[in-house]
Amino acid sequence: MANVRARIELMVGQKSNIPAEMLSFEGLETDKEHVAVVFNQADKHQSTPLVRMHSECLTGDVFHSSRCDCGEQLEETINRMSESGGIILYLRQEGRGIGLYNKLDAYELQSQGMNTYEANNHLGFGDDLRDFKEAAQMLEALNISKIKLVTNNPKKIKDIQNYGIEIDEVVNTHAHVKQGNEHYLHSKAAHGHKLNFDK
């Protein structure tokens, strides 16, 4: 059974001006160091908190790569949760589970014309290797069984429900279109992601 091992206060966001708490865990399925970032003590004060399961993306989250919209989705969620409260489950699942170096190899294939899924397949991987059991374990450690899920990804909805978490509402993020990620976003939409390109 997973438990919270530590709870640390810190300031987050692009300007480091948003108060939050970062939680670490013990007893998860693997030894990956997933964390929860909690805003406005949502785990203590909200019966159905806003939750985003955000898979680590070094290139997008840290270096603001033009290849994806991960950093923009993360920042949008931080800003939303700074006002309404919520929990980001930051999961160490780089490259939809294939790892950083393999993702960089996939980037090279994308530069040659493949889309993000074709590149992963060419390297011998499935479209999405992520499993969200540990996300469910983290929520259970916080005594949370019902959430409002921030996602555009139907796989996340299905997977977290399969692990016993009830979804009260699905909240979409914006389609953060910029030079360099249009093909990537349209590939995701073709694979079922709910993206509104009109906004």
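Our numbering is plain: 1 for the first residue shown, then up by one each step along the chain.
Each residue, glycine too, has its Cβ placed from N, Cα and C.
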Just to be sure I read the record right: Arg52, Met53, His54, Ser55, Glu56, Glu94, Gly95, Arg96, Thr116, Thr151, Lys156 are listed as binding GTP in Swiss-Prot. Which of Gln14, Gln73 is listed for the same site?
Gln73
Chain-internal residues near Glu94 (GTP binding site), provided their CB is under 8 angstroms and they sit 6+ positions away:
Ser55, Glu56, Cys57, Leu58, Leu100, Lys103
List which of the recorded positions Arg52, His54, Asp128, Arg130, Thr151 have their Cα within 10 Å of the Cα of Cys70 (Zn(2+) binding site), in sequence order.
His54
Just checking the binding-site residues Arg52, Cys68, Arg96, Thr151: which sit within 10 A of Asp128 (active site, proton acceptor), CA to CA?
Arg96
